Amino acid sequence: MSVVGIDLGFQSCYVAVARAGGIETIANEYSDRCTPACISFGPKNRSIGAAAKSQVISNAKNTVQGFKRFHGRAFSDPFVEAEKSNLAYDIVQLPTGLTGIKVTYMEEERNFTTEQVTAMLLSKLKETAESVLKKPVVDCVVSVPCFYTDAERRSVMDATQIAGLNCLRLMNETTAVALAYGIYKQDLPALEEKPRNVVFVDMGHSAYQVSVCAFNRGKLKVLATAFDTTLGGRKFDEVLVNHFCEEFGKKYKLDIKSKIRALLRLSQECEKLKKLMSANASDLPLSIECFMNDVDVSGTMNRGKFLEMCNDLLARVEPPLRSVLEQTKLKKEDIYAVEIVGGATRIPAVKEKISKFFGKELSTTLNADEAVTRGCALQCAILSPAFKVREFSITDVVPYPISLRWNSPAEEGSSDCEVFSKNHAAPFSKVLTFYRKEPFTLEAYYSSPQDLPYPDPAIAQFSVQKVTPQSDGSSSKVKVKVRVNVHGIFSVSSASLVEVHKSEENEEPMETDQNAKEEEKMQVDQEEPHVEEQQQQTPAENKAESEEMETSQAGSKDKKMDQPPQAKKAKVKTSTVDLPIENQLLWQIDREMLNLYIENEGKMIMQDKLEKERNDAKNAVEEYVYEMRDKLSGEYEKFVSEDDRNSFTLKLEDTENWLYEDGEDQPKQVYVDKLAELKNLGQPIKIRFQESEERPKLFEELGKQIQQYMKIISSFKNKEDQYDHLDAADMTKVEKSTNEAMEWMNNKLNLQNKQSLTMDPVVKSKEIEAKIKELTSTCSPIISKPKPKVEPPKEEQKNAEQNGPVDGQGDNPGPQAAEQGTDTAVPSDSDKKLPEMDID
């Protein structure tokens, strides 16, 4: 079973796998552990990753990058509107209202959803993992930013399904970093001790995330998160791009932003310049040849000037840091360490801002690029039954408060209740109780839209079906279970109706008003399968939840007044009936469409595979032409006649011309046939050359064998002690085989020496190998017979038996030795225990 963690980044992706030796970040086909989040669409296939990155400028309109933030977003979303101007490719509104990506693929215009494009990237990462692991990859853990909303998370989950992956968990990037940090720490405080608080700062290419985590031995608890969803490395790149656009506009009279290819080239150069400035404070040049209209451009920049230009961006570093401390009510002194990850944290000014805020040195014990994917792989190993990993519990948080709204018959309007507060533990379940006579709808939404980096606070609508009144016409008790799951996705996971069956019992005491109130009071039960500490509800929450009944508290008093005052207490039996729930999720892809996307992805993978095979077949022909042409005038020259060489060379030249003309775009089989045709002419020449190389070595080996056996025969005839135990008949057999082999070798050597090198050899290397094997199998068993052992005289054996070991210490130890043996250390069970985990 494979265990894979995927860091799905805005600019680049990483894949880590868990193996017996530990967690390993794997390299792609270019021997690079970083795979660009880039897809290029061509007339016959798709290029994904590094191959697509090289086409960003040459195939700008059909090369897609920076699509991560379009997940779960409508085309009319303000974020999408703002991004349009930065994109080289076109985005369109899909029939569902979501953002689609428009490209030309297979010679026709196609609109792909963000989920489909992400699935293409995931398929590539899956293929990379499979090529390293040499087995299928299905189970994985994928990272997402901690600020992703429900719609965005569901969108990424759909993308994993399209790619044929089973995502065990969508893991917040900061939580993955915290896991990678904490699981290997041996010095964490015990569970009963005060936890160690660590701040994790992750500034990547597109976003800035901060989290505070509390660590105890075997336990990680996220306390709070904060973020700036648009502050990242690309914002610093944009500052440089805008500066040079303005400078080159004045200096060279160029309107750079009017040409997307020029803008892309400038962006690439500015990113390189930014990285150089992180290591150098001196003036650095930026030069681009034939930039626009065949004009060469150049400029300079230094770190000091760059930081002045970035003052507005640097001012945005502190607020999230301050926010997490305020949310957790921690002081700066309570923070044990500040770990930084992400490419943009390498900018010296960013590091300085963070360090100055906390008043301490920053910790860089984690790999800034690979920490997220390593954390995801560790989480996958924890979830997988195939690996034994030390116990480590992870409690995440809900980033935004989630509320439910419903129509309240008693209040003749809508009621609402906050079910999960900001930074509530997750995954988490709660059971809400409603009193209803008919089906009802719950509307889930984020209750603080001002904190949401998303225009629509709605999450989903959940309709609880088949609710009926009790047999006496009263409202039924409906228990609804709401949950934030391991992916951070909210759902109404189940609903059940409590059926009450009553039978009058005269001897039972009368029901009091107090009993009725107690029955109605309990409205919210909390289930906590993944969280160790029970969270207490605040009075405000209790108040809100007590209003979930059909009537308010005042209404319940009125209701009791309508009942007969002398009603006898009934013997109550209850049973529960599961109720169906209809979900209306925001921007959710329906199952039928998802299956279509899965089918289309399979077709595109097959098309890519066929095109790769076709290209490989074409390249094989081209490679063979160049190889044979060089060798015909080189090492193969002596092994082909002049006429044959001339005709073959002409054939090779014709094939080369054909490849660049009529053979430019042919089916795979045409190239396979063409290569076979060339090999029919070239293979005999190649074989003659190989035979001339191998034959002398093998004849030499055969000669050595013959010489060795002749010496042994001579020694036997001279009656030397070493061979006097051998049988004369057997040695005659050896002599006969050796003489036959010598005669065969001399005969073949003479014939071969008379044969021209341009002709096929008289004897092939395989025949010589067979002769060596035949000679060895006949002679070796005979000459390697060991001499028979000579038994010593009986008297000597008797004396040897009488001479026992000194002091009686021999094979049978005496009582003293046995006593000593009892004191020797025996390995205890604890010493024999397996290590806690098999991942270093």
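A Cβ is built for glycine as well, from the same backbone N, Cα and C atoms used for every other residue.
Look at Swiss-Prot and you will find 514-533 (among others) tagged as compositional bias 'Basic and acidic residues'.
Here Swiss-Prot flags 788-799 (among others) as compositional bias 'Basic and acidic residues'.
According to Swiss-Prot, the compositional bias 'Basic and acidic residues' annotation covers 829-840 (among others).
Listed in sequence order, PRO36, CYS38 are the same-chain residues six or more apart from LYS53 (N6-acetyllysine) with CB atoms under 8 A from its CB. Residues or ranges marked as N6-acetyllysine by Swiss-Prot: LYS53 (among others).
For SER76 (phosphoserine), other Cβ atoms within 10 Å of its Cβ number 11. Look at Swiss-Prot and you will find SER76 (among others) tagged as phosphoserine.
Per Swiss-Prot, phosphotyrosine is recorded for TYR89 (among others), and the stated evidence type is a large-scale study or a structure entry. DSSP assigns TYR89 (phosphotyrosine) to coil in the three-state reduction, outside any helix or strand.
Note: TYR336 (phosphotyrosine) has non-local neighbours ARG196, ASN197, VAL198, i.e. same-chain residues 6+ apart with C-beta under 8 A of its own C-beta. Under DSSP, TYR336 (phosphotyrosine) is assigned to a strand (E or B) in the three-state scheme. If you look up Swiss-Prot, you'll see TYR336 (among others) marked as phosphotyrosine.
Marked as phosphoserine by Swiss-Prot: SER393 (among others). Look at SER393 (phosphoserine): DSSP puts it in a strand.
Residues or ranges marked as N6-acetyllysine by Swiss-Prot: LYS430 (among others). Secondary structure at LYS430 (N6-acetyllysine), as computed by DSSP, is strand.
Marked as phosphothreonine by Swiss-Prot: THR538.
Taken from Swiss-Prot, the feature phosphoserine applies to SER546 (among others), supported by a large-scale study or a structure entry.
Residues or ranges marked as phosphoserine by Swiss-Prot on the basis of a large-scale study or a structure entry: SER647 (among others). Every protein chain considered, the tally of other Cβ atoms within 10 Å of the Cβ of SER647 (phosphoserine) stands at 13.
The phosphotyrosine feature in Swiss-Prot is assigned to TYR660 (among others). In the three-state DSSP scheme, TYR660 (phosphotyrosine) falls into the coil class. Other Cβ atoms within 10 Å of the Cβ of TYR660 (phosphotyrosine) number 9 in total over all chains.
Summarising the annotation, Swiss-Prot assigns N6-acetyllysine to LYS679 (among others). On its own chain, LYS679 (N6-acetyllysine) has TYR624 as residues at least 6 apart in sequence with a Cβ closer than 8 Å to its own Cβ. Annotation note: LYS679 (N6-acetyllysine) sits in a helical segment as assigned by DSSP.
The feature N6-methyllysine is assigned by Swiss-Prot to LYS773, with a large-scale study or a structure entry given as support. The Cβ of LYS773 (N6-methyllysine) has no same-chain neighbour under 8 Å that is 6 or more residues away in sequence.
Here Swiss-Prot flags 500-575 (among others) as region 'Disordered'.
Separation of the C-alpha atoms of SER76 (phosphoserine) and SER393 (phosphoserine): 41 Å, rounded to the nearest whole number.
Across the structure, LYS430 (N6-acetyllysine) and SER393 (phosphoserine) are spaced 20 Å apart at their Cα atoms. Note on proximity: among TYR89, SER393, TYR660, the modified residues of the record, the Cα nearest SER647 (phosphoserine) is that of TYR660. Other C-beta atoms found within 10 angstroms of the C-beta of TYR89 (phosphotyrosine) number 18, with every protein chain shown included. Put simply, TYR660 (phosphotyrosine) is 31 Å from TYR89 (phosphotyrosine) when counted between their Cα atoms.
LYS53 (N6-acetyllysine) falls within a helical segment according to DSSP.
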